[in-house]
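Colleague: Pasting in a structure now, in structure tokens, and then I'll have a few things to ask.
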Amino acid sequence: MTVTGIIAEFNPFHNGHKYLLETAEGLKIIAMSGNFMQRGEPALIDKWIRSEMALKNGADIVVELPFFVSVQSADYFAQGAIDILCQLGIQQLAFGTENVIDYQKLIKVYEKKSEQMTAYLSTLEDTFSYPQKTQKMWEIFAGVKFSGQTPNHILGLSYAKASAGKHIQLCPIKRQGAAYHSKDKNHLLASASAIRQHLNDWDFISHSVPNAGLLINNPHMSWDHYFSFLKYQILNHSDLTSIFQVNDELASRIKKAIKVSQNIDHLVDTVATKRYTKARVRRILTYILVNAKEPTLPKGIHILGFTSKGQAHLKKLKKSRPLITRIGAETWDEMTQKADSIYQLGHQDIPEQSFGRIPIIIKNERLN
């Protein structure tokens, strides 16, 4: 049986994600962000609820990306996720994209020219953000064209780069429905942005989200729930440069901006520059929130849930892979577990996110 990996956030899970799972082949393993997202935001609903939604709509296994993989720039996010999926035996990687191109060809380009491409990046001025630099790199070395807002396409390029030397088949699937950032409700396949914007519209949510009750009946989290914690961390921290990726310039800008900022958007707008993108600033503010310092990654893979078919695959891997199905006295990943504890502080109804939790199990009627 073909084993297909999918890297996702499911923030939240919606009909477009269901379409991706239905279109992908074989047994589907999801490497999913935990309770904080790649762009530096708390998850709308917790990782366990999102895992359950995925497993009820086509996923066979859901594993958790550690904090220092989840909350990273596209290249590090892709590299960390693909490394985990390769340990779980994937043969191909499926992903949605605005532009279906020959990503397999791009793997070969990077395998042949990685040194030149990396050297080229270092020649570009620091006035360009890292995403702008990587786009220029792909334009020069592979003739890739960029038009408008295509975050999934850009992430696809990171997947190609991270897949070099790994013998993975990339399977791009054309993104259907609304654009990534669209807030338009007039789509059967509405975007996650639109769903987050219109959470109070039950009719819209029920048509846009499979198993919508799981979304509606659980706490909805945003930066608003954590801004006071963040403000305290910034004002009381003796040395922000001890936080991951915070340099002297950013520390100074953040310390000044927090004194006049009433919410996260105002703070991000005040700190961001052409060099420091808003997404990068949000990630750094997330690092400050959870007091993240030098990144370390766990050896084990945390299993959030599986179907009967997924369980059969995991049994084959158990002896050769460090699979974590329950976090107890022995920690899995200290940083992720600390981030989970802070996530819980945002709402009294968020249950324990780490200790004692066991995987969600969805029984398949058939194991074909």
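Counting starts with 1 at the first residue shown.
Just so it is clear, glycine is given a Cβ too, placed from its N, Cα and C backbone atoms.
From Swiss-Prot, for reference:
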type	residues	note
BINDING	7-20, Gly96, Asn152, Arg175	ATP binding site
Colleague: When a 10 Å sphere is centred on the Cβ of Tyr19 (ATP binding site), how many other Cβ atoms does it contain?
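Modeller: Result for Tyr19 (ATP binding site): 20 other Cβ atoms within 10 Å.
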Colleague: Select the most exposed residue of Phe10, Phe13, Gly16, where exposure means the fewest other Cβ atoms within 10 Å, treating these as the binding-site residues.
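Modeller: Ranked by other Cβ atoms within 10 Å, the binding-site residues Phe10, Phe13, Gly16 bottom out at Gly16.
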Colleague: Quick check on the binding-site residues: of Ile7, Asn152, whose CB has the lowest count of neighbouring CB atoms inside 10 Å?
Modeller: Asn152
Colleague: Check the DSSP secondary structure of Phe10 (ATP binding site), expressed as helix, strand or coil.
Modeller: coil
